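Heads up, the thing below is written out as structure tokens.
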Amino acid sequence: MHFQPSLLLPLVAVATAARPMLWWPNTLAEEQYGTIEPESALPNVSTVVGLPDFQFLAEGHMNLSSYTYYHSGAAGEWSYRNNLETFQRARLRPRVMKMVDDIESSLPTQILGYNFSLPLFISPCARAGYANETGELGLVRGAAAGNVLYMVTDFSSRTKEEISAAKAEGQILFQQLYIDPHNDTATLEQIREAETLGFKALILTVDSAADGNRHRALRFGVGSADSSYSSITWEKYNWMREQTSLPIVPKGIQTVEDAVIAVRNGAPAIFLSNHGARQLDGSPNGFEVALEIHEQAPWVFDSLEVYADGGVRYGADVVKLLALGVKAVGVGRPFMFSNIYGEAGVERAIEIIRREIAIDAANAGIADLKQINSSVLALNRYPFWGQGS
Ligand SMILES: Cc1cc2nc3c(=O)[nH]c(=O)nc-3n(C[C@H](O)[C@H](O)[C@H](O)COP(=O)(O)O)c2cc1C
Ligand SMILES: *[C@@H]1O[C@H](CO)[C@@H](O)[C@H](O)[C@H]1NC(C)=O
Ligand SMILES: *[C@@H]1O[C@H](CO)[C@@H](O)[C@H](O)[C@H]1NC(C)=O
Ligand SMILES: *[C@@H]1O[C@H](CO)[C@@H](O)[C@H](O)[C@H]1NC(C)=O
Ligand SMILES: *[C@@H]1O[C@H](CO)[C@@H](O)[C@H](O)[C@H]1NC(C)=O
Ligand SMILES: *[C@@H]1O[C@H](CO)[C@@H](O)[C@H](O)[C@H]1NC(C)=O
Ligand SMILES: *[C@@H]1O[C@H](CO)[C@@H](O)[C@H](O)[C@H]1NC(C)=O
């Protein structure tokens, strides 16, 4: 057949229109809130309906360079997009006519032996001060109000002393660490500081062997804060464990191989993450890594605690991760955006996701989140691993 470009053009347009880069879906946030400017008053936080709303509000409220620092992913942000989209490729298989009235009683979760109200935590994200001058204090206090775990970033806007001092009575915080593998003196100082300030576990970020390639952020000079080559080997990990009784959790495990090696090294937990797709474009999100482990070494989930994050925005996303055996799920950017309100925003974000986890699990026919398994996921029906969309 003779090639007719004019026939192809409408198809190209349709294909492009069908796959726009949607950082959040249009659920009429703009119609509700109107245009938000940096100087305008924020709408009453109780009117926020979902986690994506906080990003909409923060985009208007924060200046462009600060907003860009939070928003940015690596390179073309294909993995950032994938982090958000992966959850829709694993559809649910809701069971009906089940007794689900008591689902809320299965929300409380132990993380490394500490009790929290949800199988969900605040992932460590740098520079909370960009959203609100109270910085990390909003996250600490919001986490306390909702009784969820907050993993405090190493690159905080407030000092670690201020953050620790803001704890509610009995509140548990974990400390995320970036270490310089070439300077054990500095690493020991970091460990001692965390111990002295009462952090209960160390989250060791291992996914940043090199600078993150962040095109969007580089335009504003707000790229990766961790800029040197810094491979952390298992030998270094084991050396660190000899220096402290605090549990040390590797954050940024992205393959079943490394999950298995973590088990062999006696790690108490692993954190599946691609750093919010800010390091390596092409890296998988936590759900894809959990799926790989589920398929190839499911015993890992029984050998240690598995945490995962990347693109979690709705209760159903959390349910899907738990179904694979993940113990607790991290959320990063939405909490950072919610912090434009300070602690009230963080508290509202927790309240929203708490309700969504419960109602989404119930609508999927899950009576008890602790008994959830992968039968609630339609795993083999939708393409994964880049087989299309
Ligand atoms: C603004 C920002 C700063 C971050 N800073 C850190 C950090 O200091 N240490 C770290 O281990 N991960 C950091 N991360 C990654 C988060 O811990 C988390 O893995 C990621 O945000 C999860 O994806 P989500 O934002 O889509 O929920 C950061 C992420 C963002 C968005
Ligand atoms: C926000 O809305 C809630 C619920 O309607 C109300 O109780 C509260 O007083 C409002 N807060 C402000 C600051 O207007
Ligand atoms: C944690 O919760 C468990 C089960 O509900 C309970 O037995 C335990 O005493 C709690 N631990 C603490 C430290 O509160
Ligand atoms: C943007 O906001 C941040 C944090 O509030 C501030 O430090 C920075 O100077 C602002 N940048 C511009 C260009 O206004
Ligand atoms: C190692 O860290 C210590 C403590 O922070 C610092 O004083 C020292 O200069 C560092 N050494 C090198 C070679 O950077
Ligand atoms: C920043 O957080 C503080 C404390 O939580 C809060 O009082 C303040 O209103 C927040 N700023 C904005 C602009 O909402
Ligand atoms: C998985 O969950 C379903 C639904 O609750 C249940 O019927 C099934 O027995 C469970 N499978 C396993 C292997 O536990």
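For all residues, glycine too, the Cβ spot is worked out from N, Cα and C.
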Same-site glyoxylate binder from Arg141, Arg214, Arg241, Arg313, given that TrEMBL records Tyr69, Tyr178, His275, Arg278: Arg214
FMN binding, same site as Pro124, Cys125, Ala126, Gln176, Thr205, Lys251, Asp309, Gly310, Gly311, Val312, Arg313, Gly332, Arg333 - TrEMBL member from Ser228, Ser273, Ser283, Ser374: Ser273
Spatial neighbours of Arg214 (glyoxylate binding site) that are distant in sequence (at least 6 apart) but have CB under 8 A: Ser72, Gly73, Ala74, Ala75, Gly223, Ser224, Arg278
For the binding-site residues Ala126, Val312, the one whose C-beta sees the most other C-beta atoms within 10 angstroms: Val312
Spatial separation of His275 (active site, proton acceptor) from Thr205 (FMN binding site) - C-alpha basis, Å: 9
